[in-house]
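Q: Supplied in structure tokens, the structure appears directly below.
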Amino acid sequence: MYSCPVSRSSAMMRCLTVTVIFVMFLFLSVIQNCKSETSKSGDYIIYMGAASSDDSTDNDHVELLSSMLQRSGKTPMHRYKHGFSGFAAHLSEDEAHLMAKQPGVVSVFPDQMLQLHTTRSWDFLVQESYQRDFTEMNYGQESDVHEGDTIIGFLDSGIWPEAQSFNDRHMGPVPKKWKGTCMRGKKTQPDSFRCNRKLIGARYYNSSFFLDADYETPRDFLGHGTHVASIAAGQIISDASYYGLASGIMRGGSPNSRIAMYRACSLLGCRGSSILAAFDDAIADGVDVISISMGLWPDNLLEDPLSIGSFHAVERGITVVCSAGNSGPSSQSVFNAAPWMITVSASTIDRGFESNILLGGDESRLIEGVGINIANIDKSQAYPLIHARSAKKIDANEEAARNCAPDTLNQSIVKGKIVVCDSDLDNQVIQWKSDEVKRLGGTGMVLIDDESMDLSFIDPSFLVTIIKPEDGIQIMSYINSTREPIATIMPTRSRTGHMLAPSIPSFSSRGPYLLTRSILKPDIAAPGVNILASWLVGDRNAAPEGKPPPLFNIQSGTSMSCPHVSGIAARLKSRYPSWSPAAIRSAIMTTAVQMTNTGSHITTETGQKATPYDFGAGQVTVFGPSSPGLIYETTPMDYLNFLCYYGFTSEQIRKISNRIPQGFACPEQSSRGDISNINYPSISISNFNGKESRRISRTVTNVASRLIGDEDTVYTVSVDAPEGLRVRVIPRRLHFRKIGD
């Protein structure tokens, strides 16, 4: 037995050190005796909260635990030491449970695989901004923005440095604040990957799951990282198109910003341990914005790599922008909804891809359709037209056959014909239908569907067009009234300005947030449907049949929405370097719009009026965030209180953050309902039955200069309350004398 003297503090410290080391060696002996036969093993993340304030590596608990693992023959895959503390290692379940009980450990959880949420868009946003009056605060129109040296870090699938979007013409020297590196990889030709003054840094992370030397490089083999990076910060390209479609000028939202790529994803997804390693490096490297287009189903904030990494990044003043997910239109499907993140849903733009259908011969009728068709066939020729039901196999289910499900159609009937397919089975993907018709020798497919705006997953080398149900009735009437019905699918035309936009596509994930309804998520909507951006050079897998590899590609998803907001956040950080991540989010949200280009309210894909659970504050604007007037500064204390209200203890929170005020303690008798009172730019109230009133408080900060002489800046409240709800704002007028009040 070792007794501790109590009279001298130094002796007490020696006592504590001996005690901790004794516990650690006891833990080691247990690890060494754990048998793999009695416990499943796997990769785990050991999260140990905030890193030391000086970024040193001498965190006793981390060093002791990792050294114990090494003594037992287990080497940590990653160590986290800059923005937060911890490591990742291969453990048995028993070892993981024991590890979770050790001093300094916040959480231990499996190293899960996250999935990626996979330009006219900027022209459309600029046009929308010009239609709104954002000059009333006397900021002037921001037609020529110089983003300066803001750095956007992308946690993604890598980057193709030779793409035109990433050339460094007219770029100045690399910012002095940049502390990162350009890892060239270990493949046979490491010098083939080079950074420049635009792409200033690149890293890659391989877990035990990916040992293939092909992946020991920051180079992108999926296209996803290249696409999103060019959306946010790509250079201006004057003649971009997808095989002649969507042609015009393509540019990123912040074309003068620098890019740092952290390749944490490969073919099968993105390992949580690699994502945390990327966060850790990005924090140390000096990025200003982190853009993340992937997600993990919300379950536990302290077991979500994105929630953990983004918390520590925001603590260091880095704005983190995340995709909301592609699991819509189901309620409570939103990903990445912690309050320190900016969560982005998807919306459409006013560009459409017309692929109309000509019914009949001499007395033809035109049916409007949408699609991207660049098939090498005679597009003026008419082909026999049938409904899939008439090609059903004898033993097939009729409903499945109507929907062109695999192995339900007779090849001899389908061959050489255009097949009309229904779309009323939830588990049938459009691409599966077109692939099946193509496999059976069909000439083309007409899909009856009013919810499919995403054309990016359809094989463009096969004739496919999508029509509305009311037009489907016309086609069926023609088929049923004609002995030998024929049709022609017309060549695709891209048109701008004539489509109602924005609207919210069905795939975009919806709120409310699964873990609490007391915060509104998503925060904002941005273009994410059929977005043209840079692609891998020479990628034959992306080339339609008979076509050369594309330099640009069309993709859809909240993956594409996220970098639109990342680019705007970078512009704001350059214009207002002192603004916090919360101020940037507030400016983006409070200047959003909820109207379309025709003045009507934003709708969902089905034409129903969209709600804040679909689009958050509304559609992002380009110039509006530069002149928000007022901002809602969500403070670090708000985030700490959020953790308290959510249910974490003061002891847990002290481990998570090393920036806690002295004497901090969670408020007594708090609940998740109190989350409504953190100083967020939106207000969401849970469990409100209407029988009693609820009082919610906010603090706003003036960021607008006086308009004339010595007059105060005055804001007057206007309330447009939901039906049946009475809302009062006190005071009704706000007076400010200077910026910062």
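Here the Cβ of each residue, glycine as well, is placed from N, Cα and C on the backbone.
This is the feature table in TrEMBL:
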type	residues	note
TRANSMEM	12-31	transmembrane segment
DOMAIN	44-117	domain 'Inhibitor I9'
DOMAIN	149-618	domain 'Peptidase S8/S53'
ACT_SITE	Asp156	active site, charge relay system
ACT_SITE	His224	active site, charge relay system
ACT_SITE	Ser559	active site, charge relay system
DOMAIN	677-740	domain 'Subtilisin-like protease fibronectin type-III'
Q: Around His224 (active site, charge relay system), how many other C-beta atoms are within 10 angstroms of its C-beta?
A: 26
Q: Please count the residues of the domain 'Subtilisin-like protease fibronectin type-III' (677-740) that DSSP assigns to helix (H, G, I), strand (E, B) and coil.
A: 1 helix, 10 strand, 53 coil
Q: Measure from the CA atom of Ser559 (active site, charge relay system) to the CA atom of His224 (active site, charge relay system) and give the result in Å, rounded to a whole number.
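A: Computed Cα spacing between His224 (active site, charge relay system) and Ser559 (active site, charge relay system) is 8 Å.
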Q: Per-residue pLDDT averaged over the domain 'Peptidase S8/S53' (149-618) comes to what?
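A: The average pLDDT of the model in the domain 'Peptidase S8/S53' (149-618) works out to 91.
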Q: Can you grab the distance from Asp156 (active site, charge relay system) over to Ser559 (active site, charge relay system)? Cα atoms, rounded to a whole Å.
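A: The separation of the Cα atoms works out to 10 Å.
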